[in-house]
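As written in TrEMBL, here are the features:
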{"type": "BINDING", "residues": "Trp33, Glu54, His57, Glu164, Asn167, Arg169, Gln181", "note": "chlorophyll a binding site"}
{"type": "BINDING", "residues": "Arg59, Glu118", "note": "chlorophyll b binding site"}
Amino acid sequence: SVRRQRAAPRSQTVVCAYDASKELGACDPLLFWDPIGFCEAGTKEDFDRRRAVELKHGRVCMVAALGMIWPDLFGKFDGYLSPSAGLKFADVPSGLAAIQAVPVQGWLQVLVLAAVIETQLFKDQSFGGFGFAKYGKEPGNFGTGYWGRKIKDPAERKNKLLVELNNGRLAMISVTAMLVQNGLTGQSTIEQLTSGHISPFNDGQGL
């Protein structure tokens, strides 16, 4: 008689979703807020990737928010932005209009400089997405310290990291609002405020 051999049961590994509710950033007033459900079935690696992306976007937007108001408040550089094109810094408008005013070669130089800073100075390895990027033990930490200073007190360090995270979140919302208003009105943020054009949805005479 032919004996039927029972198939060995397959071993299954159950991977539980990572609990991100205890991570830095789950604070007042919204506490742990995940309306889209990114963290419902995510792993620690998924969270680290999203935290690295959130920090980078926040840092870029903090600089962008300053860039949206700096020229109108503190003035522009002297001299030529593009000597070959006869373009001075003073000729470049504020806000979205500057995108078309700056030559393509200028934007390429900006992108190359940013790439060199991230990959060579900060040694950022979070490029490449799934399966390629490395986020380290603490996403967004490039070892540069707080303005070059290493914070040794755990409570102070946690507070500084939380401040940076929340400031970045606010900056992302702020830059989005400033870009939308600039696109609707054709005015930079400071131009809108000084002209009384507070609301972008009326005739330009203010609220």
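Placement of Cβ uses the backbone N, Cα and C atoms for every residue, glycine included.
Each of the binding-site residues Asn167, Gln181 was scored by how many other Cβ atoms lie within 10 Å of its Cβ, and the smallest score goes to Asn167. Distances between the Cα of Glu118 (chlorophyll b binding site) and those of the binding-site residues Trp33, Glu54, Asn167, Arg169 are shortest for Glu54. Within 10 Å of the C-beta atom of Glu54 (chlorophyll a binding site) sit 17 other C-beta atoms, taking all shown protein chains into account.
Taking all protein chains in view, 16 other C-beta atoms sit within 10 angstroms of the C-beta of His57 (chlorophyll a binding site). Cβ neighbours of Arg59 (chlorophyll b binding site) (same chain, under 8 Å, six or more residues apart in sequence): Glu164, Gly168.
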